[in-house]
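> Please read through the structure below; I'll follow up with questions.
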Amino acid sequence: MSLGYAEKLSYREDLGGQLGAPELFDSPKEVEAKAEQLAELVRKARRIVVFTGAGISTACGIPDFRGPGGIWTLQRAGEPLPRPKVSFTHAKPSLTHQVLVGLVAAGKLDYLVSQNVDGLHLRSGIPRDRLAELHGNCFAERCHACGTEYVRDFEVETVGFKETGRRCSQPGCGSALRDGILDWEDALPEDELALSDSHSREADLAICLGTSLQITPACNLPLKATRVYKDGTKQQPGQLAIINLQKTQHDNKAVKSGGLVCHARCDDVMRLLARKLRLEVPRFVRRDAVVIGHQQLTLDGMVCDGLAADDAAAQPGGSSANHAVGSMAAVVAADDTAAPSSCKDEDGECNGAAVTFLLFVQSSHGPTCPLPMVQAVHIVFKDPQLEPATLAAPPFAVRRSAPGGTCVHALITLHLHTAADEDKRAVQLSYLVQLQAGLEVGRREERHDFVTQEAIFDVEEAAAAAVAKAEEQQDQQQQQQQQQQQQQEQQQEQQHQHQQQLKKQRVK
């Protein structure tokens with residue numbers, strides 16, 4: 001979550017720029033007019049670059065950093081920090097995120113530059129080659145040896161390009177993976193900064209969403225769209241549009257460029273923009289995955305002798321099948337109730353008796369990785385002689401016994417986190433345990449994907465509701481202002497009467 005991310009950063013007295021600047025709200029009519037102006041700029045633009053900050057994720061329930069109620073603002077004031085409504089791991093993208101996906105699909109958005117680390121742009125569906133994450137991504141690990149990037153479904157534990165404890169699974173590599181999240185003193189990634197610079201130079205429209213434009217060098221990238229460069233292909237300076245609840249240092253430049261400045265919530269503006277452009281806003285669908293598998297065990301509860309290291313299928317991140325069994329050693333050792341009868345005769349040969357197997361549910365990213373969406377696992381076997389199990393915490397694994405050479409049908413129910421949609425919080429899967437006779441190798445894994453979250457954005461109905469809500473908020477603000485004015489007038493009248501009484505007393 002954003003609080004956890006902020007706590008991982010090194011302490012720094014100077015956070016750069018202003019904290020807690022007041023929020024400003026344009027009237028609904030002004031927002032409507034500026035949304036129309038923005039739509040016209042988008043229609044005419046040949047290349048568009050969008051810059052995003054923390055303000056686009058507040059609608060997702062993630063606190064910002066520099067706003068009046070932002071994390072750093074309250075932290076510096078010594079006040080209690082805001083409680084996030086949702087973690088980075090479980091957050092759904094906002095309407096703004098999905099409108100940007102729609103603009104990419106429509107061929108209007110050339111490149112997206114983000115200072116956010118919440119991973120919501122990738123989760124929303126923005127193609128990786130259209131996105132620069134200048135401050136990193138809490139869900140990404142990178143191999144600095146071969147350049148492979150791994151995007152996880154859980155937050156990486158470290159910041160500052162430290163080793164995460166996992167390794168690259170590319171053939172012939174195996175190097176240590178590192179997080180890609182900047183700490184205060186870390187330089188921006190050169191490759192993504194260079195791409196952001198080149199796309200900004202060629203853009204004829206730069207749109208800034210939910211960013212206070214205070215941190216260099218990212219804050220100056222949008223200005224490059226308003227200039228013409230000798231080595232570029234652009235013939236005319238571009239425009240700059242800024243949508244943010246606070247003033248920025250580039251507001252005047254945006255207006256002078258022929259662009260605009262709109263003080264409104266990003267979702268409200270992007271909803272109007274999508275409606276005016278008749279843009280199809282793609283629905284959001286989140287898919288999670290688990291790996292279900294089994295490992296046949298020997299009589300002493302270890303992996304079958306026939307399983308060599310080379311036979312272990314490598315997991316993403318470089319973890320092997322042997323590691324999977326090793327991480328569940330406690331399960332194997334603890335469950336003595338399922339110990340099989342001997343499968344060896346006096347000559348040491350297998351006689352086809354019962355064998356033991358380990359059935360497990362684990363992350364698709366590796367056996368030691370967390371499963372952020374799975375809270376509990378319930379396993380039922382079709383064979384009534386095999387005891388069912390409810391597992392309330394990892395490792396999600398059970399040990400059971402069955403005759404060698406047979407198949408065991410398992411029905412597995414995943415009980416998901418409340419962040420999953422209510423109708424998707426129980427996922428039922430089936431798995432077939434194929435047991436080999438004797439001590440032959442018996443191991444298998446299969447990946448299961450399932451939908452955990454969906455969101456559909458109806459910009460027509462939502463826009464009307466947003467306008468009505470904005471008008472209601474404006475009416476409430478006017479009423480509050482009138483009440484405050486009346487209170488001030490009453491106080492002034494009381495003071496005047498008090499002064500008159502004092503004068504009369506002096507005359508007497």
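Each Cβ is built from the backbone N, Cα and C atoms, and glycine gets one as well.
Below are the features I grabbed from TrEMBL:
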type	residues	note
ACT_SITE	HIS135	active site, proton acceptor
BINDING	CYS143, CYS146, CYS168, CYS173	Zn(2+) binding site
COMPBIAS	475-500	compositional bias 'Low complexity'
DOMAIN	28-280	domain 'Deacetylase sirtuin-type'
REGION	464-508	region 'Disordered'
> Could you work out which of the binding-site residues (CYS143, CYS146) has its C-beta surrounded by the smallest number of other C-beta atoms within 10 A?
CYS146
> If you count Cβ atoms within 10 Å of the Cβ of CYS173 (Zn(2+) binding site), leaving out that atom itself, what do you get?
14
> In the compositional bias 'Low complexity' (475-500), how many residues does DSSP call helix, how many strand, and how many coil?
26 helix, 0 strand, 0 coil
> DSSP on CYS143 (Zn(2+) binding site), three-state: which is it?
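CYS143 (Zn(2+) binding site) sits in a strand per DSSP.
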> Looking only at Cβ atoms, how many others are within 10 Å of the one on CYS168 (Zn(2+) binding site)?
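Counting Cβ neighbours of CYS168 (Zn(2+) binding site) within 10 Å gives 23.
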> Using the Cβ centroid of CYS143, CYS146, CYS168, CYS173 as the reference point for the Zn(2+) site, which residues of the same chain not in that list have Cβ within 8 Å?
ALA145, GLY147, THR148, ARG167, SER169, GLN170, GLY174, SER175, LEU177
> Including all protein chains shown, what's the count of other C-beta atoms within 10 A of the C-beta of HIS135 (active site, proton acceptor)?
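Its Cβ has 22 other Cβ atoms within 10 Å.
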> Measuring Cα to Cα, how far is HIS135 (active site, proton acceptor) from CYS146 (Zn(2+) binding site) in Å?
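It is 21 Å, counting Cα to Cα.
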> Taking DSSP as the reference, which of helix, strand or coil describes CYS168 (Zn(2+) binding site)?
coil
> Mean pLDDT for the domain 'Deacetylase sirtuin-type' (28-280), as a whole number?
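Value for the domain 'Deacetylase sirtuin-type' (28-280), mean pLDDT as a whole number: 92.
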> Could you say whether, by DSSP, HIS135 (active site, proton acceptor) belongs to a helix, a strand or a coil region?
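In the DSSP reduction, HIS135 (active site, proton acceptor) maps to coil.
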